[in-house]
Amino acid sequence: MQDSIMALSGHKIRIVVKENFVYLNGDVKIITSDIIGTNGVIHFIDKILIPSELQNISSQLSKQNITDVAEAYGYKIYSKLLQDAELLPLVNNPLHQPFTMLWPTDAVFNSLSEERKKWLYHIEHRDKLAAYLKVHMIRDTKILAVNMPRFHSARTMHGSAISFSCSKTSVGELLVDNGNARIVQRHMEFNDGIAYGIDQLLEPPDLGARCDEFVTVELTETRCGLCGFEPSCPLSSVQQGESKSCFYYEKPYSRFRYSTYHHFSLTRQRQYPVFPSLRSLGRGCRRSCFSTNWVPQCCENHYGRDCQVCPGGLEAPCRNRGTCDDRMRGSGRCNCTEAFVGMACELCAPGRYGPDCKECKCTENGMCNEGLHGDGFCFCTEGWSGEHCEIPLVVKPTCSPACHPNAVCRSGNVCECSLSYEGNGRSCT
């Protein structure tokens, strides 16, 4: 018997057996079981199952606005970001209601890298933040969890499509965006729609996951001038720290030229023509000017100009079996560990088998049933036997009529089709 089941609400119900009775969540007893209906099975229990996190939630909460409901359920960061991105007027517009929303948990936002948070939350990127939040909003529909698998695709307020599907590994679990996120909380209703908690931040297809860096660079070509009267910093830059020493060519008739030729009358000095060769190199000062700019950069496990997610998706880039050539200059190629191959390291390397791609033990006298779904069985060539095809037969078997070209002759005039072939040995397909 399995140790848990998934309720339609999304909560896991623990199953234990005590004193020949089945208990749910430790204290709810099944008193009558296995009543077969036309569309399912019914079990009677002695108490109402109430998820612990919902016991303190008011029944009137569903009538409140989106920010109050989000904060009551613990989605405080999402609530704040909705306000920062100035999306509340959009949410409150009856033209778009009701909404189905996907709220990343606070843990999701807190787990983002500092670079990504700095870029996403910066006041200059409010439009980018709005795009991210709109990817989590579906207008003009209120989708219940039971109907989600039927919505193979829905269009978000960002304009991109989003999908829903059932997990193939955990019965009852719902996945979002081709498995990039899991729904971890369901049916959080507010006055203008319904929301679901998810365990990942979804990405707009045209933005990807950006982690642009805010870099401050000192300008190296600021102008040199008379100390105390240094030329100003260029536009979009500011002075930081003290001025630095430098050299510059003084203009004719400057203080330096006048002091050098003080024995001439000022009137006579003005009559001299000015030649470049007569300009003097003097010591001066220049300001320490700094400019701050955004440097485009992709987040970890994202690549290319559009910062697409690496093969394998957000949950498991390169299936956690390799490293991705990521960042903006990266190719997105997965560098798989020795046991795996494939675009997302999803296949076993030659000579390996099973979910963990273990190494085959066959000798050169056998062929391994390899691959992700293989069992490592060694198919021996003619004249060999043993678990690993390591034992030579004393007498080489003969078969008449002859075996198919894709078959091997065994003792007792038996023909056996090779791996990947089916048939009676005389005919293999």
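A Cβ is built for glycine as well, from the same backbone N, Cα and C atoms used for every other residue.
Keep in mind that TrEMBL annotations are predicted by a computer and have not been checked by a curator.
Among Cys336, Cys357, the one TrEMBL lists as the disulfide partner of Cys345 is Cys336. Of all Cβ atoms in the protein chains displayed, 26 besides its own lie within 10 Å of the Cβ of Cys345 (disulfide bond). The separation of Cys345 (disulfide bond) from Cys380 (disulfide bond), Cα to Cα, is 29 Å.
For Cys336 (disulfide bond), the same-chain residues 6+ apart in sequence whose C-beta sits under 8 angstroms from its C-beta are Cys318, Arg321, Gly322, Gly342, Cys345, Ala349. Listed by sequence, the residues of this chain that lie at least six past the ends of the domain 'EGF-like' (306-346) yet keep a Cβ under 8 A from its Cβ atoms are 178-182, 200, 203, 205-210, 296-300, 352, 356-359, 372.
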